[in-house]
Structure formats: structure tokens, C-alpha cells
Amino acid sequence: MIRARNLPFVATVLIFLIAYGLCALQFPNMLSFRVVGNLLTDNAFLGIAAVGMTFVILSGGIDLSVGSVIAFTSVFVAVLIRAGVHPALAFGLALIVSTGFGALMGLTIHALKMPAFVVTLAGMFLARGAAFLISTDSVPISHEFLKTLKGLFIQLPDKGKLSFLAIVMLLAFALGVVLAHRTRFGANVYALGGSEQSAELMGVPLRRTMIQLYAFSGFMAGLAGLAYTLYTSAGYSLATVGVELDAIAAVVVGGTLLTGGSGLVLGTLFGVLIQGLIQTYIVFDGTLSSWWTKIVVGLLLFAFIVLQRLILLISERRAAMRSAAGE
Amino acid sequence: MKKFRQLRPQLLALAVVLVMVGLISPGFFSVTVQNGRLYGSLIDVGVRVAPVALLAIGMTLVIATKGIDLSVGAVMAITGAVAATLVADGHSVPVVLAVSLALGLLCGIWNGVLVAFLDIQPIIATLILMVAGRGIAQLITGGVILTFNDPAFSFIGSGAVLGIPMPILIWLAMGLAVGLLVRRSALGLLIEAVGINRRASMLVGVRARFLILATYAISGLCAAMAGMIVTADIHGADANNAGLWLELDAILAVVIGGTSLAGGRFSITASLIGALIIQALNTGILMSGWPPEFNLIVKAVVIVTILTLQSPAVADELTMLRDFLRRKGAQK
């Protein structure tokens, strides 16, 4: 028996598999490992950002700064590399900056008792503005180190490749799963999302958890920025506008409740893959315009939210019946 | 007078921003009359603020019910696309207006039904239309920027009555109409009651579901007006960029105006002042001749400053400080 809590996750996985099956029926080539490999590579940066977003949403918060932080990181790294800094050092610096930025937002949310929505919105402007300040041009980069990184991959059957980016994304999800389900931090985040007041009464350190939480989201956004830089081989301050919305959509489609407290990190992976699948299908079809992606994602969002409502209603009714039977 | 005192922080912030902009660019306050129409940077602020001001009116009511409407930018794109298509097909202006407004209302009702009757969280319920809306708008325009040439419809964006540009008149009239509607009846009070505690308000007999639906419907209507002003102004519909990120500016305007995102007490006038602050900042930065790269940074810093001063934590501190000073004064 599947627990009602996990039903959205199961539904997401099922929908992904069925949709993939339908696509494969129409275009048999979609079953190849090459397509699967590309699906993972093309959505790597979104997936990485979505891991951080999952935690923030699990806690009942939201992080609107993700897209801007990705753009900032990519420009920051690109300009540093152009100036002759070794990419590894630039990557490290970028991660420190993005993590610190996230921590600062977490601290602000806690200390000023302001809604996460407003604070991260200001953070979104700030990060995008900082990216503009560094450079408004697209900065192309090339370096032996980057070529080596891009050259790393695991060979799959029939010319498929599990690229470095795809591996990083899968590792990010693995890290997310461990953090969420096997650490004190994860338990604190779930508790916070259930009810902030109860969490505090239970002894969850609100201030520390809040800072860690947004620092983690900032770190993941920074990592996503690095993945994006590697993916496009350039840094551009106008890039990845609105990625935070894609990430939020992926988290919700992945079965996480936006009110917080309930959801699985792994569900988000499938949320990302479903969005990627729609894009892949549009590419394969060739006649559909890319704006169908938006409409279908909107419809999926709607379907999942209604599904979640129904599950909640059913489980509440079941609980009511059980308590009535017990008396 | 009491009303004025409540608005004091917002008016002060607006005055500070205006004076700062005036210091940076001296010509800012000069207003001239040319061809029977007012011209000048101040007037420009009033015209440019129209979309955000209109959105902020609807957004204020929605936020007062503890909701949020992320879809307004997308609704602007949809109504703009429809209006442009109708105008390009040669329909008369009243038909275009009626259809576009009805469409905005419909979008608002869709959001309202999701929030009020399906009990979906507002931020996610309106996210659906925000994500899908731009796709729908592109579906309508066929993915191109639809242009038209119709002086009658363009009047909404660039015309003037008695020397005052139309956009200014539209947002002032809408603000006045909605403001009077909620403040000269019990509606405003009931909306605040729903926002503070929906369950309690329902128990005392407030029709909370209907009220929430109505606020989203008004928000959709405001978005439709904003969409038409933008479309009329640029003589075309750009499904990709019309109203892009304006929902965030509108939310900021409401928050700067002092309406809490947690619902409850609201002020449409304060939200409109908030919108003016944001626009004065935008225009000011443009006129200052600074590189445009600074825009977002300056905006973010000013907004963070205003919000920090207004935040519950700092407000508590300030109250304590004031009480402390007063006690000290009394001892002397």
C-alpha cells in the first residue's frame, strides 16, 4: 500500500514513464541512450537549482533569486577566467560568493521577520544588478581545464553519453536525498515546513536552520551557474531569466507541497525530467513552437495541484473516519 | 488628517526619492505645456507608472485577503495580444475594450476559483496562469509582434484630455473607483477580516469565498487595463515582453505601501504611492545619466532600505526607542 503522502511522487514517476512511452511510440528513436543522456545534460543546471529550491519549499519558504544568482555566477566566473584566473579557483570563489549571498538572505528573513518572498525578490534584483555591473556582454571562455571537464563522461550503450554535467546533477540529487532524509538539518527543514511555531517549541534552532537553508539554496544556485557556464561556454548577465519559476514548477510537479513539510527530493528530479521531455518532444516533432512547453507545463501544474488537493481531502476523510470508528 | 498621518512614511519616502532625483537631474521638476498637453519628467513618471499603478490597485486587495497574484503580467500579455488582434482585424474600439476587459475578468475569476473554491495556495494557483499565460498570448499572436495603426485605440496610451495624458487619468480613476467602492462601503473591512482570519470571518457570516473571488477578478480587470495601455502605447502586442516581471514591481509597490503580505490592513493610496516611488526611481536613474547597469542595484538598495525600516523587527525596535526617549523626557 502506497502511503497517501507519497502518492504525488508515484503519480509523477508514472506520468513521466507513460509520457516517455507515448513519445517513444511516435518517435522510436527517443528510446535511445543518446536522447536520455542529452535529456539529463540539457537540464542539468535546472535540476541542480531545483534541488536547492526543493529544500526551501519544503521549509515553507521560496527563493526567487535563483535565476539571477545563476546568471551572476556565470558572468563572475567567465570574467575571472578571462582575466587569467584558473577556472578551479574561479569556481571555488563563485560558490563561496553565492553561498554567502544565500546565507545573508536567510539571516535577513529571520532577523527582520520579513517574508521570504520579498527578501529573495530584492535578492533577485541585487544579483541581476551585480551581474550587469560585472559585464553586460556575453563573455565567451575557453580553457584547457574546462575542456577536460567537458570531456569527462561515462560511455553508455549505442553512443550514449552520461556527461559530466549530468553526473554532477545526479550527485546533487543524491546529496539532496541524503541531506533531507538522513541528517538533522533535513529533519529541521521538514519540521519548519510543517509549522514554524511547533518547530521552535520542539527545539529546532530557527535562526541556524534558516541561514543554512538559504545558504544551501544559494550554493546550489551557484553550482547551477557553474553548470550553465560549462554548458554554454560563456557567461551572460541576461541569461536564465525566470529559471526560478521553472525550478518551482519542477518542485511542485515533483509532488512537494508548496505549503511546506511534505515532499521528496527525488520527485523534483522527475519534475525536471518531465519539463525536459516536453522540450525534447517539441524538438523531435519539429513543427510545434516552443511556447507549447509553457502551456503544457501550466496544465501539468494545474493537474498536479488538483491531484494534491484530492489526496489531501481523501486522507483527511480517512483520518476522520478512523477516529470516528475508534470512538 | 488621520489618513494623512497613516500615509506619512510612504509620502516621506516618495519625497526623499523625488528630492534625490531632483538633485541629480535639475530639470526633473519642470513641467511645460506643448500642443495642449503637459510635458516634463514628473508627468512622465505619472504616465510610465500607469501599468504598475493599475496592477497595484488589484494586487492590494488580493494581498489584503492574504493572497498574491503572480499572473497579472501574463494576463497583460494575453489581453494585449487579444486587443491587438481585434484592432488589427478592424473591430471598433468599444468592442475591443469590452472583449479585452471581459477576458481579464475571466482570467481573474479563474484564479479566484482556484484559490477560493479549490483552496489552492494563491502563489501556486496564480503561478499556473503566469507560466501558461505567456504561452497562450504567443498562441494568439502566432509568435510575432503584432502591430497595428489605429489612432482611436492608441489614444488610450498616448492621448490626452484637458492636457492630462490618458494613462494618468485611467489609473487615477480606477484607484478612486476601487478606493471608494471598498472604503465607502463595508467591503474593505470585510476584506481585511478575511485576510486576518478567514475561518473566523466565515464563522461570523462573511462570505469569504465570494470576496476572495471578487478580489482576484478585480486584479484581472486591472491587469487587462494595464495590458491595453501598454499595447496602445507601443502600437503593438509583444507576447514575450508585455508586462514581463511587472507582477513583481506591483507586489513591491504594495509592500512598500505598507500592506503586509500576511494579509489584513491595506491602503490603496499607499500602494499607489509605492508604485510612484518605484517609477520615480526608474525615471531618476535613467535621467541621471548613470550607466543603466546600476539600475537594478540602486533599486534593490533603496527597496531594501525602505522595507528594512518598515519590517516588524525594526518597527518594534523603533517603538521601544521612542517610548524610552519619551520616558526619559518625562523624567526630566
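Using N, Cα and C of the backbone, Cβ positions are placed for all residues, glycine too.
As recorded in TrEMBL:
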| type | residues | note |
| --- | --- | --- |
| TRANSMEM | A:7-27 | transmembrane segment |
| TRANSMEM | A:39-58 | transmembrane segment |
| TRANSMEM | A:65-83 | transmembrane segment |
| TRANSMEM | A:89-109 | transmembrane segment |
| TRANSMEM | A:116-135 | transmembrane segment |
| TRANSMEM | A:162-180 | transmembrane segment |
| TRANSMEM | A:211-231 | transmembrane segment |
| TRANSMEM | A:290-312 | transmembrane segment |
With a Cβ cut-off under 8 Å, give me the same-chain residues at least six positions beyond the ends of the transmembrane segment (A:116-135) that come close to it.
56, 61-65, 67-69, 71-72, 75-76, 78-79, 101, 105, 108-109, 214, 235, 237, 244
Contact check, the transmembrane segment (A:290-312) vs the transmembrane segment (A:7-27), 3+ Cβ pairs under 8 Å, seq sep 6+:
yes
Do any residues, 6 or more residues outside the transmembrane segment (A:39-58), come within under 8 Å Cβ-to-Cβ of it, and if so which ones?
66, 70, 116, 161-163, 165-166, 168-170, 172-173, 175-176, 179-180, 189-190, 193, 213-214, 216-221, 223-225, 227-228, 231, 240, 243-244, 246-248, 250-252, 254, 256, 258, 260-263, 265, 268-269, 271-273, 275-277, 279-280
Three or more CB pairs closer than 8 Å, sequence separation of 6 or more: does that hold for the transmembrane segment (A:89-109) against the transmembrane segment (A:7-27)?
no
Chain residues in Cβ proximity to the transmembrane segment (A:65-83) (below 8 Å; excluding those fewer than six residues from its ends, i.e. six or more beyond):
45, 49, 52-53, 89-91, 93-94, 97-98, 101-102, 105, 120-121, 123-128, 130-131, 134-135, 139-141, 143, 146, 217-218, 221-222, 224-226, 228-229, 232, 234-245, 247
